[in-house]
Amino acid sequence: MPFLPEPTQRHGAAPAGPLATDTAILLCNLGTPEAPTAPALRRYLAQFLSDPRVVEIPKLIWLVILHGIILRVRPAKSAAKYATVWTPDGSPLKVWTEKQAKLLQGRLGEQGLRVRVAPAMRYGAPAIAATLDGLKREGIRRVLVLPAYPQYSGATTASVIDDVARWTLQTRHLPEFRFINRYHDDPAYIGALAQSVREHWQREGRGEKLVMSFHGMPERTLHLGDPYHCECLKTGRLLAEALGLRKDEWLVSFQSRFGKAKWLEPYTEPSLIALAQGSCKSVDVICPGFSADCLETLEEINQEAREAFLHAGGQRFTYIPCLNDHPAGIRALASLAERHLQGWPLAAPDAAALAAQRERALAAGAKE
Ligand SMILES: C=CC1=C(C)c2cc3[nH]c(cc4nc(cc5[nH]c(cc1n2)c(C)c5CCC(=O)O)C(CCC(=O)O)=C4C)c(C)c3C=C
Ligand SMILES: [Fe+2]
Ligand SMILES: [Fe+2]
């Protein structure tokens, strides 16, 4: 059966008739636990924190710390935090990533691009390898890998590419691949962020300062040449310019510090406390590096950081949601994808040829 797109909510019904395609976009996000429970967190954290791209310390020392301390203590603590943001449909990160994939496919369809968009997770499910197996079984021959991270880092973007490369090592007949490494300064992405801030200000009023909080990284990675820090600063500057903000009306900070080492500064929560203790009593906080709301934004920022700011004397804290399913955010992803799909034939392949190709793929087994 040719692949049939599902109708989307924001962009109306999918084009009439079956949509055959041999091109896919793999929309990859970080991944999330299956449930807000300690056992599910232990499985998730064990996979995530065993990735040498994420924790760059000598393997043996790290394995002792990870299994001897972290995986004994952190799962229960993190599970309790996840429970506060869990939705009836599951973890917010998973719900939003699945929705984004559907909307992106619908949007590309409206632009006349017949592309299958499949969500995948670097850790947990749906795994990148299983998703690529499934796409191959569907007859997909070209894959554009779109990590859902605007700013490149070794811990995130490169780790997605590692995982795709692991799959290619055990696959004979490879699809053609392309990778998107970053979109931190893409005008449509910056424009979508600016639009969401302006809409937020219209709804909620405007604070004295816009705090742009990005996920942190060990500071060491900056000195080792990771471009993440620079790309976050550039996103921040471009967003401030798009909003016409003066230098004293915004700041970039870094959240989610893990462990005792020095991470990128300034840290978000101490910065908010310093603002509240000084003369800034009203802030709007946005997390431009997260393409979808998740534990780090909904719990760490909108609960913990909010409480810290108000407790320190702040009077008004508003949180600006991630782009999630915002039409401007989906349009930005679509224009980004369209540029990277250039030159690939996106008209429907001959349906009979596609069916025959799938038959051959199925007969030979997905791994071949
Ligand atoms: C151990 C070091 C970590 C590095 C380095 C790191 C980098 C990094 N992470 C994201 C995006 C996300 N991280 C999320 C959760 C999360 N991150 C870490 C640790 C590191 N991240 C942990 C241990 C956790 C799990 C939660 C916890 O126990 O605190 C998430 C949210 C996932 C969810 O399910 O909601 C995201 C998204 C980026 C972009 C990044 C480097 C640039
Ligand atoms: Fe993280
Ligand atoms: Fe966190």
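Placed from the backbone N, Cα and C atoms, the Cβ positions cover glycine too.
Caution: TrEMBL annotation is automatic and unverified by curators.
The Fe(2+) binding site annotation in TrEMBL covers H215, E296.
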Site of maximum Cβ density within 10 Å, from binding-site residues H215, E296: H215
DSSP state at H215 (Fe(2+) binding site), helix/strand/coil: strand
